[in-house]
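Only one structure is covered here, and it is reproduced in the block below.
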Amino acid sequence: MNTVRVTFLLVFVLAVSLGQADKDENRMEMQEKTEQGKGYLDFAENLLPQKLEELEAKLLEEDSEESRNSRQKRCIGEGVPCDENDPRCCSGLVCLKPTLHGIWYKSYYCYKK
């Protein structure tokens, strides 16, 4: 029984002493990683604006190409709300103020001519 206690005590002392050493090593490793991380963060801070500028340039380029090759916008069908200043009603339809059923909507709708 005493040998079990002595063995347990010996293992406990070794675990505590090695645990302290590991704790110090871990602390030093964390300091090294944070120092390396600062360099990485500086690199990332410089890289991020460059990437954003590249993406923005690509998007603007796509928009300009799209506007050159764009087709006419789709038209609005009958009985659908439209904008009186920019009517996009299909051919044969006109953007008019509603009569009877839609008076309370305060909007314009596409109607047949």
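Cβ coordinates come from backbone N, Cα and C, glycine included.
In Swiss-Prot, C95 is paired through a disulphide bond with C82, chosen from C82, C90. Counting only residues at least six positions away in the same chain, the Cβ atoms of R88, C89, C90, S91, L93 sit under 8 Å from the Cβ of C75 (disulfide bond).
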